[in-house]
Structures are given as C-alpha cells and as structure tokens.
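Undergrad: Below, the features straight out of TrEMBL:
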type	residues	note
REGION	A:1-20	region 'Disordered'
COMPBIAS	A:1-12	compositional bias 'Low complexity'
TRANSMEM	A:31-52	transmembrane segment
TRANSMEM	A:84-113	transmembrane segment
DOMAIN	A:88-303	domain 'ABC transmembrane type-1'
TRANSMEM	A:125-145	transmembrane segment
TRANSMEM	A:165-185	transmembrane segment
TRANSMEM	A:211-232	transmembrane segment
TRANSMEM	A:284-302	transmembrane segment
Amino acid sequence: MTAPATPSAPASPQGPLGRARSRYGERTVQVVLVAAALVSVATTVGIVVSLVPPTVEFFASVSFAEFFTTTQWAPLFEPPAYGVLPLVTATLLITVIAVVVAIPLGLGAALYLSEYAHPRTRMTFKPILEVLAGVPTVVYGFFALRFVTPTLQGWLPAGMSPDVFNALSAGLVMGIMIVPTVASLSEDAMSAVPRGLRDGAYALGSSTRLVAVRVVVPAALSGIVASFVLAISRAIGETMIVAIASGNKPELSFNPLDAMQTMTGFIAQAGSGDLPTASLDYKTIFAVGALLFLITFVMNLISARLVRRFREVYE
Amino acid sequence: MSAPAMTKTRTLVLARRGIPWGDIVFKWLLRVCLAIAVAFLVTLLVYVVYKGWSRLDPRLWENFPSIRRPERAGAKSALFGTLWVISLTAVFCLPVGILGAIYLEEYADPDRWYNRMIELNIANLAAIPSIVYGILGLGVIARGFGFGTTILTASITLSLLVLPIVIIASREAIRAVPSSIRQASYGLGATKWQTISRQVLPAAVPGMATGSILALSRAAGEAAPLLLLGGLTYVAYVPDGVLSGYTVLPIQIYGWISQSREAFHDLSSAAIVLLLIVIIAMNSIAIFVRNRAQKRW
C-alpha cells in the first residue's frame, strides 16, 4: 500500500520492507500544529511582556514601601497617593464574603448531585448550574446593584443599612456566581472516587450521610480543595460585579456595608478612560495588574498541584 | 431463627430504627444548597425580564444609543458589534485551539518537559482574570502592534481569553475517540495525518462543537477586558470593518447601568434579556449537540 501512496519515494533501496518516507505534508502539518500550541505560550509571554516594563517604570517613580505600606490610594488626584492596601483589603473582604457563600452551597450541591440525586435529577440540575455559570458577570453586577442592595436595605435594621454601593451585595452575588465552579469541580473529584470504597462503607452499615462525609469527601479532598482555590482565584479576579455594585471609593475599611474599590475595580475604572501612554496613571494600571496577576498565578499553581495529586491516587 | 409456630419469644428482631434523624436533615440541607442556587437564577431571570419588559420592543434593536433620550435609545450598534466581534473571535480562536489540541493529544510526548509546560501553561491561562487579558490587549495588541481600539484588537484579545476553553474541550473530544479506530486506520496504511483528518477529527466534531460554542458564548458575555480596549465609547453607527470602532452588548449594558436615570436601567434590563437570549440559546445548542452526539463505541 505504501508504494502508490508515496510516488516521490525512490524505488526502495533499503529492501522490501524499508520504512517508507513520510508523505510530504506530514511534516508541514506537524509544524503548523506546534505553532498553534505555541500560541498559548506566546499569550503568557505577552502578558508578562505587557506587565513588566510599565511596572518597572512605575516603581522607578513610586517606592515599594509607599506602594505596599501606606493606606491612601488616590493615583488620579492631586497630590497623588499610591498606597495599594485599600484595594487589596477590599479585594480580600469581597472575596471572603463570596467564598463564605460559595463553598457551603457549592459543596452541598456537589454532594447532593453526586451521592443522593437520582440520575434523572442530576441530568436536570447540571445544565441549570451550567446556565448559572454562563450568565455574563455584567448581568450579575446589575442584579447586585438593582435588586440585592435594595433588598438588603429593606431587610437589615436601620443602623446596618448598606450604602447604595457596598461590598456586601457584590460579595453575595459573586458567591453565587462561583457556586458552579465549586460544584462542578468537586463533583468531578467525587465521581472519581471508586465505587468500591462506597460499597465497603455501606456493607459495614453506614448511612448515605456517613458514606458522603466520612468516605467520599476525604477521598476527594484534594480535588475539593483545588476547586476552593480556583473559586478564590476567580473571586479575586472578577471585575464587572465589583465595578458595578461595590463602588469606586478606595478606602481602607473592613465594613462590608461601605462602598469600596477592589484591584480589578480600579483597573476597570482607570482603564476606561483614554490615558496617555507615558503617564504615570497609565503605568499604575499595569502595576496593579501585575499584582493581581501574581496573586492569581500563585493560586492557580496551588490548584493545579492539588488536582494532580488527586488524579494520582485513583488512576 | 423462629422454628415452627411453637416458640413465642425466640424470634430475633433486628432493631429497625429507620433512617436516623440526622441523615434526613443532612439530605435536606444539601437540597437547600442546590435550591438556593437555582432560586437565585430564577429570581434573576424573572427580575430582569420584569424590569426590561416595557422596553423589549423593536426600538431595542433598531435604534442607536442616545444619551439624552432613553425612550428612543436602542442597542443596534452594540448588537452588530457583538456579532462582528464574536464572528471574528471564532475565526481566530477555533482553528488555533483545535490545531493546538490535536498537537497535544496526537503528537506531543507527555513526558517531555516542554509539552508538560504547555499543558500547565494552558491550565494556568484558563484561570487568569479576564481583566488581565484586557491589559495584554491594551499594552501589546492595541498599543504595541498599533491596532488601536478596534474590533480587531477586541477579537484577538477575546480569542486569547477563550483559547484555553477551546483547547481543553477539543482535547477531551479527541481523547474520547478510541485508539482502536486509529490502529485500524494505520493498519490499512494511512499516514498519521490521514488518520487524524479522516478518522479522529470527524468522530470528535460534536465534542469540539460543544466546547467551541460554550467558549464563544463566554466571549459574547465578556465585558471586563473590552473596558480597557475602547469598548466603552458612544457608538452611533454599525461597524463597517475590522478596523472600525465598536461597542458590544455587555459594555452597552454597563454603560446604561452607570447612567443615573431610571429609564436607562429599564433599558439595560431589556438589553440584558437580549444578551441572555443570545447566550442561553448558544448554551442550549451546545448541550443539545452534546446529548445528541454521545456516541457509544
């Protein structure tokens, strides 16, 4: 069969079953494929290249000490102040609220779908969770600002009424937004737990709850933790919800009823205008972006490591 | 055990306690977790439709935005902008993503350090915040390459953003094709690329289509990176080419939310309904394709 397929090959000098020369084109195809795979590497390089030089220039004008230790953030005012802490604490506060909402809900939903639900129930609810994951974040932001905040203002007692822009409703809605992330990744980890472990526990007389809590969750723990880490990383990087619902006031506060600005919120606000490339304002965006990138990068590495660990156990 | 009917009390009775209380409560707690998420989604959809109902009419897609007259404003430019950007994103990211996936699944030796690095890199890219891609677009594509704040820049940036999703989904689709198919093809004398292009890819198309549609629907709803790429400008024209200025639905919605007048908020609700219809339709097609094409080998 090889002879007619490779007309360009010389009449087989090395014997009847010699290795046919690969068709011309095979090589080209491979080069194209490698090039496509390298686009992803180029993306990472591009991100680093776009972040590093402006960040370095930024730190030539603003000292590390001022950036990381002072508590005033007002880069677009006169005189400017470059203490990034208010943005960081706002990011952390909103992330904590989101995670407190998302982890129990996501884990509960995953446990229910993986251990209790009838297959038909699972077939119904998994697509619903996918729709929840597919709703654009700008829609969540709108809902947080126009529905959740007024509802909270109506429910909470007068002294605790939140501002129009507040961290609480942004965090709550963001928590619901990342429920599907937690639920689907944890459920994957739980379905990877071999049936035999469950059957063994059932044979010893365990109830479904004991099997779920004492067998499945511990066995899937690294996958579950990886889903938490990824969820935290998504919450830190989420932009539109906070840009819409938590306000643009960078202030060092730990009161979730106050308006505050996160790192992503600042980048969105400052980046929406048309800043001259050489200005320090422009570089500030990249400095905050570099910090954001660094934080999420570390979280992603932790998550990837955890996922690899849980894969190793049962395959 | 109980011999004939004579012995009265020798029957061994196993304590029948039923399901313990704690278990029932636990099961209901888990159900509540799922129910809260679903109830939230339902509330959101109902609220948005209710709020935007008065503006869900042809004005929404026939008129251009207007700053002074919300009753006349529409999202025509945003709708066309979204169509432009998403089509171009598909043109950029689908070939690259699918070819990259073929390389990683069919050619790459997973023990080589550089292939492992590519995989780790893709996993990491999938979790980088979208606004960081905006910074990449701003620093490298818009200003570095000089493409400016155009549809082209927006599409390239969004392509890079959803590329990991396309690659991961396509790899799974390729992996699901059993190796016996490949062996049979090789056995008949086909070359590697012939095997891939005529056997593996056709079998993997439904899985790839599902992943690609989900990736594009993600791109259609993305707003954060485009904020940095000039999406938030007042556009009262339909884009006429890849170097045209643009706005997209999510950005237009964001712009209207930021207005103070109530009429603009109704308008943003109506536009949200439009956007959700587009995205949920794309999602449903993806889920339909997936369920339809689940092939048993």
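Cβ from N, Cα, C; glycine included.
Note that TrEMBL annotation is computational and uncurated.
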Undergrad: Can you see whether the transmembrane segment (A:284-302) and the transmembrane segment (A:31-52) are touching - at least 3 CB pairs under 8 angstroms, only pairs 6 or more apart in sequence?
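TA: Contact between the transmembrane segment (A:284-302) and the transmembrane segment (A:31-52): present.
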Undergrad: For the transmembrane segment (A:84-113), what are the same-chain contacts with Cβ under 8 Å, counting residues 6+ beyond its ends?
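TA: Result: 67-73, 121-122, 125-126, 129, 167-168, 170-172, 174-184, 186-187, 190, 212, 216-217, 224, 227-228, 231-232, 235-236, 238, 242, 246, 250-254, 256, 260-266, 288, 291.
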Undergrad: Which bits of the chain, at least 6 residues beyond where the transmembrane segment (A:165-185) starts or stops, bring a Cβ under 8 A of a Cβ in it?
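TA: Apart from its flanks, the transmembrane segment (A:165-185) reaches 90, 93-103, 105-107, 109-110, 113, 126, 129-130, 132-133, 135, 137, 140-141, 143-145, 148-149, 152, 223-224, 226-228, 230-231, 234-235, 238, 241-242, 245-249, 256-260.
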Undergrad: Same chain only, please: residues at least 6 beyond the ends of the transmembrane segment (A:125-145) with a C-beta under 8 Å from a C-beta of the stretch. Say none if there are none.
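TA: Residues 109, 113, 117, 164-165, 169-170, 172-174, 176-177, 179-181, 183-184, 238-245.
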